[in-house]
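Working notes, beginning with the structure itself.
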DNA sequence: GCGGATAACGAAAACGGTTGTCAAAATCCG
DNA sequence: CGGATTTTGACAACCGTTTTCGTTATCCGC
């Protein structure tokens with residue numbers, strides 16, 4: 001009876017990038033769903049166990065999830081001052097991730113890259 | 001009066017690798033110190049703020065600290081089946097992240113890289 | 001359809017690491 | 001010594017996550 005699990009999977013797939021369980025819960029509730037937080041967590045755990053989503057931790061310990069898409073993607077260069085994000089591409093990095101994974105006998109390789117910095121404006125503002 | 005901060009710094013320096021705040025607290029208590037958990041956290045936070053220790057998060061969200069002002073920045077290749085993690089290095093990626101950030105006028109650049117895959121064992125087990 | 005076993009659900013409580021509160025103790029300065 | 005300031009640590013609050021447990025929905029043999 002994985003209707004709820006499907007719902008969560010879909011919500012995650014539709015949103016790009018990483019979402020926290022609480023984010024997804026808020027999203028679903030605001031869409032009118034009566035899903036419970038517990039179920040969101042359970043679904044994410046199940047999806048994670050079966051390898052359908054990737055999980056990692058933010059700096060403040062929150063778990064964030066991403067639908068596991070092997071499809072090509074881009075990354076973001078995020079300003080830690082104002083949050084401005086620039087889309088960046090790194091074919092070199094894609095190749096590197098694949099090759100390093102393959103070297104260790106891993107298959108079905110995906111990766112995430114986040115680059116953080118202080119943008120020119122914020123650097124200037126800060127003095 | 002930063003004897004306590006010194007104590008924590010020293011405890012961290014003496015132990016190799018990553019330790020959690022709770023670990024350090026337990027260590028210090030077992031050595032007879034009457035330090036409080038709050039103080040350990042405060043000291044670690046201060047040390048982290050001043051860049052004297054590195055912080056990261058374990059898979060279950062616990063913060064771990066390492067006295068290390070230097071090198072050994074590495075990433076992880078994580079199996080999405082069994083969770084096994086392999087430490088990987090990618091000087092190329094480090095350089096790429098720096099250069100792409102600089103190109104966009106960003107300074108003070110950091111980055112995170114996570115590579116996910118299915119390890120040989122799990123691929124075999126799964127069929 | 002009907003009824004009971006089974007699985008999924010969700011509200012609320014429990015949990016564990018972390019952070020905040022606040023009064024007591026230590027330190028500093030005059 | 002005495003008062004201002006800082007540091008400390010017991011304790012409570014917090015927050016994301018997990019567990020509990022009673023309710024509800026689904027499945028399956030009749």
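Backbone N, Cα and C define each Cβ position, glycine as well.
Keep in mind the model is a prediction, meaning the values are calculated, not measured.
Database features (TrEMBL):
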BINDING   B:73, B:94, B:111  Fe cation binding site
BINDING   B:79, B:82, B:119, B:122  Zn(2+) binding site
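Everything TrEMBL records as a feature, shown here on the structure.
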residue: B:79; record: Zn(2+) binding site; Cβ neighbours (10 Å): 22
residue: B:94; record: Fe cation binding site; Cβ neighbours (10 Å): 16
residue: B:111; record: Fe cation binding site; Cβ neighbours (10 Å): 21
residue: B:119; record: Zn(2+) binding site; Cβ neighbours (10 Å): 24
residue: B:122; record: Zn(2+) binding site; Cβ neighbours (10 Å): 19
Item checked: Closest of B:79, B:119, B:122 to residue B:111 (Fe cation binding site), Cα positions, binding-site residues only -> B:79
Checklist line | Structural state of residue B:122 (Zn(2+) binding site), classified by DSSP into three states | finding: helix
Next item on the list: Sequence order please: the binding-site residues B:79, B:94, B:111, B:119 that have their Cβ under 8 Å from a chain A Cβ, otherwise just none.
Entry: B:79, B:111, B:119
Check: Roughly how many Å separate the Cα of residue B:119 (Zn(2+) binding site) from that of residue B:94 (Fe cation binding site), to the nearest whole number?
Finding: 25
Check: Between residue B:122 (Zn(2+) binding site) and residue B:94 (Fe cation binding site), what C-alpha distance do you get in Å?
Finding: 30
Notebook entry, point to check: If one measures from the C-alpha of residue B:79 (Zn(2+) binding site) to the C-alpha of residue B:94 (Fe cation binding site), what distance in angstrom results, rounded to a whole number?
Noted result: 22
